[in-house]
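K.L.:
Just lifted these from TrEMBL, have a look:
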TRANSMEM  B:20-49  transmembrane segment
DOMAIN    B:20-438  domain 'DUF112'
TRANSMEM  B:61-82  transmembrane segment
TRANSMEM  B:109-138  transmembrane segment
TRANSMEM  B:150-183  transmembrane segment
TRANSMEM  B:203-223  transmembrane segment
TRANSMEM  B:321-341  transmembrane segment
TRANSMEM  B:353-374  transmembrane segment
TRANSMEM  B:386-405  transmembrane segment
TRANSMEM  B:470-489  transmembrane segment
């Protein structure tokens, strides 16, 4: 019998179950399990992690036995730009302030689309939206979101 | 009549000028954000949640209810105009709604959705007012095993309704439950999976995860599709249904409302089930079933009514038991907790003005929806037709600033980015994030109730079967599982989803 990958999606899901279940066992190894009548903090995490490992094995078996479709192309550029710019926003918001973090987010995110052109209209839009956010969140709602952050004193 | 007195109190609360204003603003903003492609009610509400923080409890909940109905309707609008359902329950609306729009009847489809939702909302409000006190009475009888079984039912229902593989839907639930344990264990005070990160001691911020999975993940997925969506703008004139149309949609609306009101009470997405079921039912009952899928007005009226009635009766388990039956209700509970209200059977007796005010404002929210949307349909259409490459950076900006402001934490922004990637990749490998989300919400709660149940029974698991309420719920669970596993039903289910 020839062994071949028939459903890559199941294999990947199996990997996910394995990683999450494995992490649950690894990081939860010091939590007391206790008994059914008196469960410790480790009771649920332990059994759930074991169940996830079983799911991993079943999922891998499905990947070799049941036919499926290929995963298809992954939009790595969009992932990197969108997630990266959100993380940068989180880092910069309190340090550099909204006036820097928001325009950076808008322009970097827009670069993920191939229809993006940086011209005066985009610039105007970026400035207008940043001003709207400042007016709404910082001044209107009084949330602790600085327009200029701690880097500027 | 107790009910009239109660509703009177509710309307007295909701009808102050300030509350009316906030309800109106909520409906407007909810619709405006919900109309944007790829933003369903969960992401919309999460994004607008910070706007309600500074308000008094009643006003804040009334505004939230407005946002909720606005977001729902906004989702239907996108479903009809661009064939892009923001959430599972508007999937059915795309079938005939988009076809109507392509025939130049977009206005009529939108009006039908609004009218159907309003009628459904009105009836469902009365149903809640009528039955909530009784159900709250039953809720007082609920003991730990009953709560646990009810949450099991919720999870099973969400698996049954998940699109795609049942196996992976269960797998996603397991992952969600495990993620739900992140944070300090209530019983022992032991921090679990917190890695000494202070932000994790209170658990994973659910709003950040919801926005990541359903907001950011959707943006990445949309960016990948090169083909431009075509908005059906042929003509949006002739918005009101004619006499003939009224005849056709009258009974479908009522039947949809009935189904929705009943099924919505079920935890785990009863509203979705209701919209699928009512569509299937109308197709069966219709004198011209061949029109379904080609722009039958009943195909918009029935599921939209069912969906709205279901969305409303989903408030019942939330208000009486404190159990969120879907992510939207979890957001509502989160908002109540921020206001210092612990949802549960005592809310009705201890804070009647708030409870009945919320119920009255549901109806007012629905009314605003009709008043606002019939004249503004043209405006929403314009908003939808803004090119996506101009819209999504703004959506992303709102998501980022919104999630930060929930607890002023940069960590939550990172969390949202991470779950955004996860949401996109999960969709790629064919796993639906919705069951995981529900499991994550319920995880720690389920653990707590099972612990208490087994502590009281000294470790005897049969307590789940000897308690009549719990046993009854578990029987429903088994029936639900059996119907899905049975080959005949399974085939039907696949067909229903294949029609999408």
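Even glycines carry a Cβ here, placed using N, Cα and C.
No curator has checked TrEMBL annotations; they are predicted automatically.
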K.L.:
Sequence-remote contacts (6 or more beyond its ends) of the transmembrane segment (B:61-82), Cβ cut-off under 8 Å?
P.N.:
14, 19, 22-37, 39-41, 44-45, 48-49, 51-52, 55, 90-91, 93-94, 97-98, 100-101, 106, 109-110, 113-114, 117, 121, 229-232, 300, 304, 307-308, 311, 328, 332, 335-336, 339, 354, 357-358, 361-362, 364-366, 368-369, 373, 380-381, 384
K.L.:
For the transmembrane segment (B:20-49), could you work out the same-chain residues 6 or more beyond its ends whose Cβ comes under 8 Å from its Cβ atoms?
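P.N.:
Contacts of the transmembrane segment (B:20-49) (Cβ under 8 Å, skipping residues fewer than 6 from its ends): 14, 55, 59, 62-75, 77-78, 82, 84-87, 90, 207, 210-211, 214-215, 218-219, 221-222, 229, 327-328, 331, 334-335, 361, 364-365, 368-369, 372-373, 376, 380, 383-384, 388, 391-392, 395, 398-399, 402-403, 406.
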K.L.:
Is the transmembrane segment (B:353-374) close to the transmembrane segment (B:109-138), in the sense of at least 3 CB pairs under 8 angstroms with a sequence gap of 6 or more?
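P.N.:
By the criterion, they touch.
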K.L.:
When only pairs 6 or more apart in sequence are counted, do the transmembrane segment (B:470-489) and the transmembrane segment (B:150-183) reach 3 or more Cβ pairs under 8 Å?
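P.N.:
Contact between the transmembrane segment (B:470-489) and the transmembrane segment (B:150-183): present.
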K.L.:
Over the domain 'DUF112' (B:20-438), what does the predicted model average in pLDDT?
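P.N.:
Reported value for the domain 'DUF112' (B:20-438) is a mean pLDDT of 83.
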